[in-house]
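Features reported for this protein in TrEMBL:
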DOMAIN    186-283  domain 'BEACH-type PH'
DOMAIN    287-572  domain 'BEACH'
REPEAT    710-749  repeat 'WD'
REPEAT    758-799  repeat 'WD'
REPEAT    800-841  repeat 'WD'
REPEAT    881-916  repeat 'WD'
Amino acid sequence: MAFVRKRRQEPQLYSKERFSLLLLNLEEYYFEQHTANYILNKDGKGKRKIRGSFKICSKSVIFEPDEISHPIIKIPLRDCIKIEAPEDNGNYSFTGGTSGQITVLSSQAFLTKEQNIIAPFKTERGQAEYIFELDVAGKVEDVVQTLHQLYRASHLDKLGDQAAMITAILQSRLARTSFDKNRFQNVSETLHMECKAEMVTPLVTNPGHVCITDANLYFQPLSGYPKPVVQVTLRSVRRIYKRRHSLSPLGLEVFCTENDLCSDIYLKFYNTQDRDNVYFYVSTYLENHITEHTAESYMLQWQRGHISNYQYLLHLNNLADRSCNDLSQYPVFPWIIADYSSSELDLTKPETFRDLSKPVGALNKERLERLLVRYQEMQEPKFMYGSHYSSPGYVLFYLVRVAPEHMLCLQNGKFDHPDRMFSSIAETWKNCLDGATDFKELIPEFYENDSSFLLNNLKLDLGKTQGGKMVDNVELPPWASDANDFLQKSQDALESQYVSEHLHEWIDLVFGYKQKGNEAVAAQNVFHPLTYEGGVDLNRIMDTNERVALLTQILEFGQTPKQLFTIPHPRRIIPRLKSFSQASSHSLSMTESPVSPGEESFEDLTEESILLSWNNMASLKPDGQHKIHKGPITGIAVCSNHSSIFTTSQDSTLKMFSADSKMLQRSVSFSNMALSSCLILPGNSTVVCSSWDNNIYFYSVAFGRQQDTLIGHDDAVSKICWHNNRLYSASWDSTVKVWHCNPTELLNTKKHFELLAELEHDVSVTTINLNPAYTLLASGTKDGTISIWDVTAASILHRLPCHSGAVLDAAFSPDSRHLLSTGEDGYFKVTDVQTGMIISSVALEQTQRCFKWDGHIVLSGSQSGELFIWDILGGKTVGRIPGHAGAVSCMWMNDQCSNVITGGEDRQITFWKQQY
């Protein structure tokens with residue numbers, strides 16, 4: 001119904017005349033029209049002229065009378081016996097002058113829209129003569145010649161031959177015309193390109209010319225209908241998508257809104273090169289466009305609760321080539337509610353909901369068993385279901401009350417049998433559960449706010465069932481007081497906790513890894529091979545008749561969405577769940593920490609202040625800058641009372657700096673090679689530093705001297721982490737080592753370092769980080785690989801090729817659900833920790849060397865020395881602050897996220913404070 005709503009919102013695009021392109025057959029074109037009279041001589045009562053418009057289409061002739069009391073006449077060319085322009089012998093002419101008449105002798109004609117009432121076509125059978133008199137007699141010869149061409153095409157035996165001849169006629173017409181430059185909005189516009197294309201609307205393709213200027217995208221229909229020119233201002237474009245249309249990569253859809261389901265224009269080109277060129281020109285003008293949205297980026301927003309279940313499904317449909325302009329690929333939504341008999345709808349009971357882990361065809365166990373028996377006995381290629389869950393027929397089954405003309409177009413001028421019409425929610429659901437060939441899902445309209453598709457507001461005569469009942473408004477379940485209440489409760493169900501916890505299972509079936517292959521077989525989710533993208537290569541079918549028949553079959557049967565995910569889809573993050581824990585099977589799950597009311601209030605207050613700090617991050621202002629090293633700074637550590645700051649540098653020194661006096665207090669050198677990172681052990685008495693000389697040094701703050709040295713690696717140590725007497729050290733020797741180390745034993749003479757685990761990598765390890773629960777460790781390597789480890793078992797959970805260059809920094813989100821990494825390739829990558837799926841990839845303006853993040857907002861230090869604030873969910877920059885004269889190489893942030901210290905290659909540390 002989105003396309004119906006779009007039509008209402010843009011009435012200027014559509015003529016008010018009764019004629020509509022929906023009066024044409026599928027894949028039929030409207031070529032031209034002429035003002036004319038229809039000469040009616042019925043029942044021998046004398047001749048009279050009916051004024052109107054004579055329209056020539058590729059498969060029919062249509063006459064639209066000006067007076068709505070007369071029906072529109074449609075004469076299929078395949079039913080024509082003879083078309084001629086009779087000589088001016090006075091037989092048909094009232095004036096006796098030069099004849100502008102055309103006579104069509106046909107065995108059949110259809111009448112529709114009498115009194116402008118939308119109803120099934122009336123059929124006039126039997127040989128009859130239809131006489132039309134064109135206003136301009138001089139055009140008759142050309143018109144008749146055109147009609148003879150189209151007549152010959154319609155009378156060819158094979159559909160493929162018919163289609164080929166009509167295509168040749170169409171291309172000839174397009175070649176003889178071009179875009180009318182007088183239609184430019186402004187005379188100063190510069191032409192970029194012009195090509196041929198078709199504007200696509202539901203069940204209709206309208207050929208014409210596309211023109212791109214420096215300001216506008218234009219489409220001029222060959223027929224001048226429904227208006228002379230359709231214009232889209234390039235500056236208003238917000239989204240643009242390449243589409244698969246009729247199984248070929250020829251479509252392009254342009255949106256001037258962020259969230260509307262229906263586009264501003266959908267174009268189908270005759271070759272991929274033209275489509276790609278238009279895409280390039282239009283996308284150049286996209287404002288606020290950092291990177292094209294991907295399924296993974298929307299997934300992150302959905303997981304974090306920044307978009308609803310409804311919005312996420314719309315985005316997935318959009319990315320999977322589903323469009324409201326293409327009924328063979330209309331957006332598909334799941335049945336959610338399974339209870340249509342109770343007087344009250346209880347959304348707290350699991351049995352209220354449909355099992356989202358199964359396709360509709362597998363919901364009834366007995367039916368599934370019968371289908372599987374047939375599947376096992378079937379020869380290759382096998383399929384379990386003889387019909388699809390989404391097709392043009394199913395879409396219009398639901399929408400017939402608001403799109404009756406579309407239904408008449410699809411059904412050759414007829415409504416479906418009343419007993420098969422959409423008349424009851426409960427009966428439709430029951431048939432989907434029990435019917436031998438009914439496996440359809442729902443459409444977005446069931447979760448929107450416009451209930452008109454459930455009501456017969458147009459007073460359509462949809463017939464009477466065998467039980468004698470008139471088909472009128474859709475019967476609602478007992479728990480719905482009216483149609484609006486039904487939609488509201490359906491929306492509530494879609495956004496309920498149960499659905500949020502299980503929606504990923506349905507996504508796996510329709511858009512994900514259970515769509516194809518062995519996983520689809522295991523999930524009882526196998527449809528006919530022709531419904532899948534790539535199931536047939538039309539370009540390799542040379543027989544045009546076979547090609548047309550196959551394409552018609554596929555488009556009418558329905559198409560499976562483009563596969564978006566090839567591994568299991570992550571679950572949604574449900575609010576109030578605290579942190580990850582490791583199960584014995586090493587699978588990741590969420591646990592909720594028990595807290596007292598007082599603790600919970602304090603925690604909420606702390607979370608609120610931290611959230612406020614992150615939302616205010618763009619207000620960071622420098623609060624002092626100090627040059628304390630002779631080389632680039634590599635690490636910053638601050639003692640728990642914030643009185644002292646420790647920094648390491650490539651100048652091989654550890655510096656101790658007073659936060660109060662802003663004075664350098666100590667400078668310590670352990671080696672003649674660079675120090676790479678530092679940390680402070682609990683109690684603030686010991687600082688640990690890693691070095692490029694393969695060692696790790698322990699420095700006593702109280703005694704002012706080196707306490708100990710851990711000689712633990714065969715190459716430079718790149719970074720260290722600490723938790724609960726465990727030291728984690730990453731090295732260029734391709735290992736991360738886990739050591740037991742008790743700070744109280746550091747002054748004893750005995751050796752106190754015990755190697756607990758060695759985590760092997762293929763190349764140098766450049767960075768590591770622990771999750772907030774200290775159960776997971778992420779490591780990044782020189783070749784761009786990210787590894788996620790279970791540190792309690794010293795086992796690897798995921799190893800992912802994330803970046804095309806070295807990983808520079810990586811950190812878990814506060815809830816440990818996600819891992820953010822940045823690399824030399826200039827990308828932020830967000831990985832779902834549970835599944836190992838990269839769910840967001842954000843192209844950066846420049847390389848970001850280090851960062852802090854809260855799972856949504858990112859504060860990063862760049863190669864240029866600026867601080868950047870990113871909305872990682874939206875994939876865009878929300879702020880940038882000048883900072884260092886060289887790259888920002890390291891960063892520290894306090895627990896309240898209000899104070900920041902950065903170190904740079906300019907050898908300075910900068911203190912930052914938020915301004916309120």
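Each residue, glycine too, has its Cβ placed from N, Cα and C.
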Legend entry - Same-chain residues at least 6 beyond the ends of the repeat 'WD' (800-841) whose Cβ lies under 8 Å from its Cβ atoms: 291, 294, 296-297, 299-300, 303, 565, 567-571, 573, 577-580, 587-588, 766-773, 775-776, 778-788, 847-855, 858, 860, 870, 872-873, 875
Inset, instruction - Using DSSP, break the domain 'BEACH-type PH' (186-283) down into helix, strand and coil residues and give each count. - result: 15 helix, 51 strand, 32 coil
Legend entry - the repeat 'WD' (800-841) - residue tally per DSSP class, helix then strand then coil: 0 helix, 24 strand, 18 coil
Legend entry - Secondary structure content of the repeat 'WD' (881-916), with strand meaning DSSP E or B: 0 helix, 20 strand, 16 coil
Legend entry - Tally of residues which DSSP labels helix, strand or coil - the repeat 'WD' (758-799): 0 helix, 26 strand, 16 coil
Inset, instruction - Give the residue counts of the repeat 'WD' (710-749) per reduced DSSP state, in the order helix, strand, coil. - result: 3 helix, 22 strand, 15 coil
